[in-house]
Amino acid sequence: MIEIKPQNIINTTVTVPGSKSYTHRILIASALSDGPCTVRNMLRSEDTLLTLATLKQMGVRAEEKEDRLILHGTGGRLSACDEIYLANSGTSMRLLTAVAALAEGTTVLTGTERMQERPISDLLDALNQMDVPARSLTGSGCPPVEVRGGNLNGGSVALKCGISSQYLSGMLLIAPYTRNGLEIKIVEGPVSKPYVDMTVEVMQRLGVTVERSEYDLFFVPGNQLYRAGDYTVEADVSNASYFWAAAAVTGGTVRVRGISADSGQGDIRLLDCLERMGCRVIREKSGITVIGGPLSAIDADMADMPDMVPTLAVVAAFAEGTTEIRNVAHLKAKECDRLAAVATELSKMGIDARCTESGLIITGGKPHGAEIDTYDDHRIAMCFSVAGLKVSDIFIKDEMCVKKSFPNYWEVFETLYG
Ligand SMILES: O=C(O)C1=C[C@@H](OP(=O)(O)O)[C@@H](O)[C@H](O)C1
Ligand SMILES: C=C(OP(=O)(O)O)C(=O)O
């Protein structure tokens, strides 16, 4: 457990590691590519290293260099594996379950107890429609899952994406390796749309054709290969959010390097929320600065940026008025039930915070100190640490859960103390 001490932030610049979502995608596409790929600034955190370890287990050769990783793409040929362990990395689980469909033989993917409560049946259903036998081994619709892969014909599938966009990202990533191409009709959702755009962007950047009509229909021609090349991962916007929030709640100034307003990471839209709440935002090519000011409540539809809900909720606790966060029922299926966790922990700090069917209602006030439970959820640990910059006696339990996406978080956080 660590105590966070209040701090006036005058003017600080921070560097955050590479994007988790881009790293997962670039690793997978590189592994399936037609030759050696160089990946720079990849995020080396628990989750992304699990994706990398899995690809190696499936037969992909990786060479670690000082400032880059070289992945030798196999052209889509992968070996099946008896047991792949993915802890609580939803992105790894959903994307690699689809990838396992390319490996001749039976692959089993599993994870932590919590991972075994996170749904995946809509993805399995889509694989079944492609004649890939795939099932939840417990029958719960959650991992562990078994996939019997091999040559994929492709065809047409109907996919529900009301719980997670990761199902669609997984299906899209393997689609170029089908014989006849793959048509994906979206029959529910998708939630978290910008992550779908990011998947398509990475696929196109690696030379693959993807046709689409908005978020309803996707078609990926078959017999394509990702093209080997040199890829640099941009800084992680979700992890930058804690530092922008630090400026918001303290009234200070924080600049995060290496992020620009045209980022393909949908969480960049948090900045619009912070502006609406009263912050000033300076968007430059080389970095983005937030300058805090008196905060007021907003109404926010956060369907497209689920990972920013805990961050915004903590900022809302310091804002004048009642903030409503809408359309994020999918937060119940994350590392923990994030709606319940955020409401519980804010309530411990004396803030009126409650869950609705699909969101949160938070009335800003004068939060006080509390021991914060983190539910083995990196984002809960990081967002509540921000509250501790303004309020005394905030203690974060099990603070090392940040290793999931940001292993050196506490070191970077320390730099806010000047
Ligand atoms: O595809 C991705 O990289 C992600 C998609 C989102 O999940 P959902 O689509 O399940 O909301 C997000 O919450 C997660 O952190 C990363
Ligand atoms: C939900 C998250 O990740 P994942 O779904 O990959 O576990 C996250 O990082 O907030």
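Each residue, glycine too, has its Cβ placed from N, Cα and C.
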Original post:
In TrEMBL, the 3-phosphoshikimate site includes K20, S21, R25, S164, S165, Q166, D307, K334. Which of S140, S192, S286, S358 does it also list there?
Top reply: S192
Original post:
Roughly how many angstrom lie between the C-alpha atoms of R338 (phosphoenolpyruvate binding site) and S192 (3-phosphoshikimate binding site)?
Top reply: 15
Original post:
In whole Å, how far is K334 (3-phosphoshikimate binding site) from K404 (phosphoenolpyruvate binding site) when you measure between their Cα atoms?
Top reply: 13
Original post:
If you measure K334 (3-phosphoshikimate binding site) to R118 (phosphoenolpyruvate binding site) at Cα, how many Å is it?
Top reply: 7
Original post:
Given the binding-site residues R338, R379, which one's Cβ is surrounded by the fewest other Cβ atoms within 10 Å?
Top reply: R338
